[in-house]
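Summarising the annotation, Swiss-Prot assigns dCTP binding site to 107, 108, 109, 110, 111, 112, 131, 132, 133, 152, 166, 176 and lists sequence analysis as the type of evidence. The active site, proton donor/acceptor annotation in Swiss-Prot covers 133.
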């Protein structure tokens, strides 16, 4: 597998709709950087967040997930409590080609503040807004800035198309819009 460069990412965004909306340059003045980089794409976080809370004494069970585990916030700056967690989604909608796997890595500025972003791989054929998981590993409240860069996607091109894509197997997170909570089917 090869890591794909800016020229390839731009071409796939423009001809295939791989990233929408697509920012064809790196924007970084006064904000967490976002847009096209040399070998990746820095995606923005939307302004809708779900922040873990224990107000309702909920238990986190991935097989029977309670919406009472979160409080919803729509804001330009999300404050994640100490040692807590929040969900959000990307501003960008992704459509991954059948011969590509996308891997997400965190932003160094957030990581240096104890904020970890986790996203599982974007499988070949997958489409949707990416649900982002933010962990505040510090004993202090931490800020996430909406509509600014949150993570970077790196695109790996396979030698050929896969036999069965995420779309072919009717993956449970296909075509997600906004924040999608855990699903066990």
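The backbone N, Cα and C atoms fix where each Cβ goes, glycine too.
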Residues near residue 133 (dCTP binding site) in space but at least six apart in sequence (CB under 8 A):
85, 86, 87, 117, 118, 119
Of 109, 131 (the binding-site residues), the residue whose Cβ has the fewest other Cβ atoms within 10 Å:
109
In three-state terms from DSSP, label residue 107 (dCTP binding site) for me.
coil
Can you give the largest Cα to Cα distance in Å, as a whole number, for the residues 107, 108, 109, 110, 111, 112, 131, 132, 133, 152, 166, 176 that bind dCTP in the record?
34
List of residues, in chain order, with Cβ under 8 A from that of residue 166 (dCTP binding site) and at least 6 apart:
96, 123, 124, 125, 126, 174
When you measure from the Cβ of residue 107 (dCTP binding site), which residues in the chain that are at least 6 apart have a Cβ under 8 Å away?
32, 33, 42, 117, 149, 150, 151, 152
Once near-sequence residues are set aside, which residues in the chain of residue 111 (dCTP binding site), 6 or more away, have Cβ atoms under 8 Å from its Cβ?
none
